[in-house]
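Positions annotated as transmembrane segment by TrEMBL: 15-36, 76-94, 142-165.
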Amino acid sequence: MAYIDLYDVFGNLELMVMNLVETIAYTMTFMVVWLIRCSNLLKHVINAVRKSIMEQKFENSEEERIYYHYNYTSKIFTYGSIAGMLITITLLYFRPLLRFSTSNQVLHNDTQFFMLPYRVHIFFDTTNNYTYILMYLYLFPMFYVSICHMAAICLLVILVFHICGELSILSYRIKNVRTYSQDTIVDRIRSFVRMHLKIIW
């Protein structure tokens, strides 16, 4: 319905920009969620990361500190992003209701205040209170779509931070290779190569 609204407002630059901002964002959301849902490669990466986390063995407390620094950063990003997205979409969704409830012109039965939270083409008259409320409720699942968009981004960020943590541990081990005896150095280098191949896969 948003694309039909774009067709309706074609030629009016301001309305076209307002429509495109929402339409492009939601189109990207559907594409990203579909990609995450249908990508076999991404499923394989997620399973590999999950297995890697379960089998994680730190050689000392410094490696643990390095890894959990990245883990903590990804958690902060995830919680902050989802909270910010939730606040933003709540304000966007209820903005027309706030405007509707604080307007003096509502008492005069002015139809311009029957505004919906998202720009969509309406196939029927929404100047009636009942149809307006039904249409408003019909658009409520867009809340979920917005959260899915942020969750998809957060998933990718978590995967990247996990890989960064693993690479930092590998870097730490390589820097401290001199602490091992000459007898075990060849085995250590082999383990570094295996770990690096496992990370970059």
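Residue 1 is the first one shown; counting continues down the chain.
Note that Cβ sites are derived from N, Cα and C of the backbone, with glycine treated the same way.
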Query - Segment-segment contact (the transmembrane segment (76-94); the transmembrane segment (142-165)) at 3 or more Cβ pairs under 8 Å - result: yes
Report summary line: Per the Cβ under 8 Å criterion, with at least 6 residues separating them from its ends, the transmembrane segment (142-165) contacts 25-26, 28-30, 32-33, 36, 45-46, 49, 52-53, 66-67, 69-71, 73-74, 77-78, 81-82, 85-86, 88-90, 93, 117-118, 199
